[in-house]
Amino acid sequence: MTEGVEGRSQERSDLAGFAARSAESRGRKYQEAFRDHRPAFERDRDRIIHCAAFRRLEYKTQVFVNHEGDYYRTRLTHSLEVAQIGKAIARRLGVNEELTEALALAHDLGHTPFGHTGEEVLNRLMEGFGGFEHNLQSFRVVDQLEERYPGFNGLNLSWEVLEGIVKHSSPYDRPVGVIDRFLPGVVPTIEAQIINYADEIAYNNHDIDDGLKSGFITLDQLDGVELWREVHEGIARAYPDIDPERRKLQTISALIGVFIKDLTTTSLENVQRLRITSLDDLRRINRPVVAFSPATAEKNRKLKGFLFENLYRHYRVERMRVKAERYLRQLFESYVKHPTLLPRKYQKKMEILGRERVVCDYIAGMTDRFALDEFKRLFEPYERV
């Protein structure tokens with residue numbers, strides 16, 4: 001990778017020795033003549049914010065389909081929450097906040113409409129054609145699919161951002177396979193490791209909020225979860241006259257704080273115990289250092305188990321999943337059978353990428369709303385085309 005001149009003096013001078021630094025980046029795929037001197041990771045963050053795929057996250061959902069209500073989280077609000085949590089952790093660990101923020105904002109760019117159901121459906125439909133995995137799709141978005149700059153496709157992000165995207169993992173993800181450009185088998189930067197946990201902290205706690213708002217879960221049910229009960233009771237003791245709604249919101253806020261404090265304390269202990277003083281040390285030791293303590297990890301496991309059984313498998317969520325699968329399957333099969341239904345620029349890509357992959361890219365880029373409207377246009381006789 002090569003890179004034009006980017007700002008070096010503007011980078012924080014108080015970063016920990018094991019932090020990633022823009023000045024030490026492995027560079028970009030394409031050399032550019034930059035018009036200003038922003039540090040590399042700051043530029044990456046800005047490019048992600050201004051790309052089309054990031055804007056579309058506003059109408060891609062987490063658990064609830066977009067038209068179910070305006071209150072519920074979308075992929076955009078989730079990404080912003082991950083960025084806030086990730087930066088808070090990065091600041092406490094003394095690592096690069098700009099790289100952390102860039103990774104947070106990019107981590108869901110490859111997500112399909114209709115949450116994880118969309119990913120599961122596309123992966124089944126793409127069996128025999130390379131499959132589908134949202135981390136790899138996020139990489140495709142920033143490396144190939146965005147069309148903004150003269151001379152190249154993609155966003156031409158720094159090597160460290162791309163590495164963090166392809167090595168992102170959460171309980172929903174599967175291994176993304178070997179990508180030779182990004183040190184396969186080697187742990188990513190601490191900033192990338194932070195995002196794995198910030199992602200989980202954000203969706204666990206904010207799915208509680210959305211689940212309570214929807215009525216799919218109740219406070220009585222949550223009181224059976226040890227960690228929630230401890231914090232919920234603590235808020236009541238601290239604020240005896242607090243109303244139930246504010247108590248709920250303050251409990252969620254305090255839970256996030258509990259996770260951040262435990263994660264940073266445990267991670268710093270790991271860094272010190274392993275005597276990691278540089279990014280090279282981290283790569284050489286090749287062990288993740290960002291982690292919860294065993295006690296908090298167990299409490300978090302129970303919280304996730306509660307959400308899985310009571311929210312993600314709620315019968316109304318299951319109904320949304322079944323409908324979403326029908327929409328995406330019929331769209332995919334129709335586009336593959338009749339490629340002229342796609343915009344011309346996608347038809348032109350089929351000779352190079354193959355019909356199925358182009359259709360997959362097109363559907364993966366849809367918002368919930370666009371997918372629903374497209375389904376109506378194709379399959380409802382009185383809908384305008």
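The backbone N, Cα and C atoms fix where each Cβ goes, glycine too.
Range 1-23 is the one annotated as region 'Disordered', of 1-23, 162-184, 231-253 (source: Swiss-Prot).
The average pLDDT computed for the domain 'HD' (75-204) is 91. Taking DSSP states H, G and I as helix and E and B as strand, the domain 'HD' (75-204) has 78 helix, 0 strand, 52 coil.
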